[in-house]
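K.L.:
According to TrEMBL, the record shows the following:
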type     : residues : note
DOMAIN   : 9-398    : domain 'Cation/H+ exchanger transmembrane'
SIGNAL   : 1-22     : signal peptide
TRANSMEM : 33-52    : transmembrane segment
TRANSMEM : 82-107   : transmembrane segment
TRANSMEM : 149-172  : transmembrane segment
TRANSMEM : 184-214  : transmembrane segment
TRANSMEM : 226-257  : transmembrane segment
TRANSMEM : 277-300  : transmembrane segment
TRANSMEM : 306-330  : transmembrane segment
TRANSMEM : 351-371  : transmembrane segment
TRANSMEM : 377-397  : transmembrane segment
Amino acid sequence: MPYPCRGCVAIIIVGLIAGALCSFDQSDIVARWLVGFDPNVFFVGLLPPIIFNSGKDEFMSMFITCGHIGYTMKRRHFFDNLTSILMFAILGTFISAVVVGGFLYLLGTIGLSLQMPLAECLAFGALISSTDPVTTLAVFQELHVDPKLFYIVFGESVLNDAISIVLFNTFVKFIGVTEVHAHAVSYAVLDFIGVCVGSILVGVTFGCLSSIALKHVKGLAVMHEVSLFVLVAYIPFLVAEVLELSGIVAILFAGMFMRHYTFNNLSSAAKDIASNLFHIVAFMCELVVFLNLGLSFFAMERGLSIPFMLWSLLACLVARAMHVYPLSSLRNVCMRRGDTQNRLDRNEQHMIWFSGLRGAIAFSLALSFPAPFREEVRAATMVVVVVTVLVMGGLTVKALDVLNIQRLVHKDDASDSADAVHSSISRHVLLKWDATYLMPWLTNAVPPTYDDVYVYAEMYTRFPPANLHPTASPMTVRTNRELWLLTFAATLQLKTPSLPRGMLCIRATPRTTMKS
């Protein structure tokens, strides 16, 4: 099957065909149920698994060497692009929401589009700014596109979902308000920040608590381990919603922390089952959303405002350009002088703009849009999602060819210079702190055996002399603490024939059972 014809694309097409058939006989109770899905089912039953799994995979790409996406995932690539990811996900989403909302409000005011109040326009701008480049990322994986481009698009799409949802909920609170004063705007800003921070704290707290709980619970059967892991994963969503925070943001960060800490406290069999279970459930939930989108496409009885649909699609493309190109230029300006390799050239910026597909999150938010413009917003969102996924997603390979985007021939770390290594060390202080303190506190899982592993670590400034001593031959690592330090050191691994000055060679004891 060609690159674009997979996953969500195929499901949308199936949904469109099934929806067309259902539209001929609306008297059938099954057809009515299919095209009239309750929005609460999306937010309570379908979105949490999707978001949790994306958060789990995001953190997995940060903290392990291999990931399910198919790349040889390096922490270095993620941290090299962390600033860009945050910039596009936070500033970019806000700019996109304001541009789309303001553009449609202006068009409605002059009579060229559907006339909606400003709050409704901004809420629509927030929901339609949620990107879901599933097809694009699948192509990037298949063709081994430059990790810099892959990580920016992937990281933005994960964090952008949470920002879009919080922005949407913030703007919805102003719908129906006749007069908006300066203090109300200040309240909205503080509310946005408070919801984000509070939701993150809820997610992180339950992620850590789940890790501590499973660390000290012994002797559980595999099914009990997996069941407890799944139940604990859902609790942050419920707690955040009860506290009137964002359950989606909470479960996103809970997924990140549970993947890195709690997951390590499961048995090997439970790890395999839990990992596959979350992938399957998240995949099925996303397919249900896209299937419902296709089914609903031909069931729109109201809300068929053709100008509003077309202007919405154009507004999304314009808003995407208005934050991708300025933020990319800002990123390049802030790069170190002479660091041309990591800059985003114009063609890469075009590809990031082209990767702004809309998907499940945008459609789910549209289903919960307040009356009286719910049907219009829902119809416009469906058009934007279908067009971007089928057209832009389907043309991803062609766009890569036209823009001459680099496709990697699996670079080795041996190509890195010593300067790049020392720069990488400075960015991994957080990982060293995590490996030294958090991992031993929150987990009890270090693999029982290790094959020969050669790594380089900075000699004096990164490791206390009491733990690691420079020796003429590779040193033996036997304790958990040294193993976690070794794990951190592995991120700096080099495969060079010569040992850089000021570096230390360490080897884990092969096939040795580690002591506490």
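The backbone N, Cα and C atoms fix where each Cβ goes, glycine too.
Since the structure is predicted, the reported quantities are computational estimates derived from the model, not experimental observations.
Map these features onto the structure and tell me what's around them.
P.N.:
Cβ atoms under 8 Å from those of the transmembrane segment (82-107) belong to residues 113-114, 116-118, 121-126, 128-130, 151-152, 155-156, 158-160, 163-164, 167, 171, 308, 311-312, 315-316, 318-320, 322-324, 327, 330-331, 334, 344, 352 of the same chain, restricted to positions at least 6 beyond its ends.
Remote same-chain residues near the transmembrane segment (149-172) are listed as 51, 54-55, 57-58, 61, 69, 71, 77-78, 80-82, 84-86, 88-90, 92-94, 97, 101, 119, 122-123, 125-127, 129-133, 136-137, 140-141, 188, 191-192, 195-196, 199, 246, 248-249, 252, 344, 348, 351-352, 355, 361-362, 365, 370, 405 (criterion: CB distance under 8 Å, separation of at least six residues from the stretch ends).
Long-range neighbours of the transmembrane segment (306-330) within the same chain, counting only residues 6 or more positions beyond its ends whose Cβ lies under 8 Å from a Cβ of the stretch, are 84, 87-88, 91-92, 95-97, 99-100, 103-104, 107, 112-114, 124-125, 128-129, 344, 348-349, 352-353, 356, 358, 376, 379-381, 383-384, 387-388.
Counting residues 6+ beyond its ends, the transmembrane segment (351-371) has Cβ neighbours under 8 Å at 8, 37, 39, 42-43, 46-47, 50, 88, 120, 123-124, 126-136, 149, 152-153, 161, 164-165, 168, 172, 175-176, 286, 289-290, 292-293, 316-317, 320-321, 324-325, 328, 344, 377-378, 380-382, 384-385, 388-389, 392-393, 395-396, 399-400, 403, 405 in the same chain.
Here the transmembrane segment (377-397) has long-range neighbours at 2-5, 8-9, 12-13, 16, 120, 124, 127-128, 133-136, 139, 143, 293-294, 296-297, 300, 303-305, 308-309, 312-313, 316, 354-359, 362-363, 365-367, 369, meaning same-chain residues at least 6 beyond its ends whose C-beta is under 8 angstroms from one of its own.
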